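Trainee: Before anything else, here's the structure in question.
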Amino acid sequence: MDSNNFPDNCGVGEREARFSSTLVAERHFFFGHGIGRSGDIAEVQPKAAGSSILAKLTNSITLDILKLSGVSSTKGCLVLPVATGMALVLTLLALKQMKPCSKYVIWPRIDQKSCFKSILTAGLVPLVVENILKNGHLETDVESIEKYIIDYGSENILCVMTTTSCFAPRIPDRLEEVAIICKKLSVVHIVNNAYGVQSSKCMHLIQQANRVGRVDVFVQSTDKNFMVPVGGAIVAAFDMNLLSKISRTYPGRASASPVTDLFITLLSLGVEGYKKCLEDRKIVYEYLLSSLQEVAKLYNESVVETRQNQISIAITLKHLYDICGNDYNKISEFGSFLFKRSVSGTRVVTTQEEKVIGPNTFCGWGAHYNNYPTPYLTAAAALGATKTDVDRFIKKLNKAFKHFYKNGLMNLQKESHGSSLNSRETMCNEGSSINSLTFCNKMDCSDSSNPVLDKTCFKNFQKFNKFDSVKNVFKNDASKNIFIDINIDCKKFQRLKKASSCPSLHMEKLH
Ligand SMILES: *Cc1c(COP(=O)(O)O)cnc(C)c1O
């Protein structure tokens, strides 16, 4: 139905949906005009009746899906050929046109870059509301939101941007309470529902928030919720005027690809098919949860209680952190270990990262919180995930724990040996001295089953020390260990030990 495909078409314009490559033409089903007109992305394009119908149908079917997924009072929606972050930018810019003198966006912290950057890209100023830590999970500080609105003046606040779907241990924002405040103080409330369509919990929150208070727009990703390639987002609204403001803010036409992908996917799934996907996801979530609880028990960790987050689950790496000598690098390596073994999508959060985005610095980035008490790992049961995915992940997670436990414990043993050394070395401060040294290659010199003399070490030690303070040298022919009677200052010994790289050098006695 698009003019470029009419047999008698004579295109004499500058944009006639011509294809040079047949492969490209076929990839787009001979639709080349895209969607929208220069002034409004939702408008019908006379040259392209087919593409326009496709776009309109997709919007209608999608609206239906949003309603049956839980937000039954949605008035309209717009499938945009930009991802979620850009769809948020567009929404913010439309709002800005309606309220030109306001510039602040109140944003309960969620550690995801694109949604924060959408505020900056729209030329607005974010007011970050830190979360509250409660029983291990992180929730919205509703009181601070209200305080911000009052302190800055509601006329200066462009909107509040809350988030539903997020990584545990954060839970969805307290949407209803925020919505009530927004209604009371006449402030626009937009919801970042990035991957929330797949969670009845997130959708229910939006529906309820709109019922008891104010929600203007909620934005979601097409790829995260409908298993299509990245490239689209859905802006849904409770007010058609606002929705058309947003569609008119989009400059020019747009690619029809994301719309077509969603159209095909929704038609092929059907309502029943999509509902089945939603149900399957819930089962996989429960399965992931119980599997992670088992792993947690095995390794002395715990699954953070975030029942309100029905997608993402966090398991602590507290004990692992202790075993790895309280080394955050080891925690990062734990994540790399999984990634290298084809586990994708898990996030290891050390809680130590600092991130600068535009004018803002976030401490403890990744954790949605400045000082979350323990490092942890998150995994999600997102739409399309299977039990097989979970089984494979759990197997590799077990492997990772085992690997790090083994190495961690080995190092601890080494260290505990070293720590006796260390404890003695602390005495160095008191001016103590050493009067006997043993050279051997074994961790435990008393075990002379077959020690190999570390000659290099001994030589180095000789070289550096020149045996100034050595009184006697004994060689044990059987064990091949060397014992030295020496009188050496503890501090000096430490330096020599370092210089001669003698890991197998043991102090025998201190005075
Ligand atoms: C995915 C996501 C976004 C947007 O990402 P896009 O790449 O722009 O689709 C924003 N916020 C959250 C919480 C997300 O998960």
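The backbone N, Cα and C atoms fix where each Cβ goes, and this holds for glycine too.
Unlike curated records, TrEMBL annotations are generated automatically.
Annotation comment: TrEMBL describes Arg15 as pyridoxal 5'-phosphate binding site. Annotation comment: TrEMBL describes Arg37, Ser38, Gln45, Arg253 as substrate binding site. Summarising the annotation, TrEMBL assigns tRNA binding site to Arg211, Arg341, Lys406. Annotation comment: TrEMBL describes Lys224 as N6-(pyridoxal phosphate)lysine.
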Trainee: What Cα-Cα separation, expressed in whole Å, is found between Arg341 (tRNA binding site) and Arg15 (pyridoxal 5'-phosphate binding site)?
Mentor: 48
Trainee: Hey, how far is Lys406 (tRNA binding site) from Gln45 (substrate binding site), Cα to Cα, in Å?
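Mentor: Cα to Cα, Lys406 (tRNA binding site) and Gln45 (substrate binding site) are separated by 65 Å.
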Trainee: I'd like the number of other C-beta atoms within 10 A of the C-beta of Arg341 (tRNA binding site), please.
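Mentor: Arg341 (tRNA binding site) is surrounded by 14 other Cβ atoms within 10 Å.
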Trainee: Just to verify a number: CA distance, the residue listed as 'N6-(pyridoxal phosphate)lysine' to Arg253 (substrate binding site), in angstrom, no decimals.
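Mentor: About 24 Å separate the Cα atoms of these two residues.
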Trainee: Give me the CA-CA distance between Arg253 (substrate binding site) and Arg15 (pyridoxal 5'-phosphate binding site), in Å, as a whole number.
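Mentor: Rounded to the nearest whole number, the Cα-Cα distance is 11 Å.
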Trainee: Could you work out which of the binding-site residues (Ser38, Gln45) has its C-beta surrounded by the smallest number of other C-beta atoms within 10 A?
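Mentor: Among the binding-site residues Ser38, Gln45, the sparsest Cβ neighbourhood within 10 Å belongs to Ser38.
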Trainee: Please give the maximum pairwise Cα distance, in Å and rounded to a whole number, for the substrate-binding set Arg37, Ser38, Gln45, Arg253.
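Mentor: The span, Cα to Cα at its widest, is 9 Å.
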Trainee: Measuring Cα to Cα across Arg211, Arg341, Lys406, which the record gives as the tRNA binders, how far apart are the two most distant ones in Å?
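Mentor: Greatest Cα separation within the listed binding residues comes to 54 Å.
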Trainee: By Cβ count within 10 Å, point out the most packed of the recorded positions listed: Arg15, Arg37, Lys224, Arg253.
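Mentor: By the 10 Å Cβ neighbour count, Lys224 comes out on top.
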Trainee: What subset of the binding-site residues Arg37, Ser38, Gln45 lies within 10 angstroms of Arg211 (tRNA binding site) at the C-alpha level?
Mentor: none
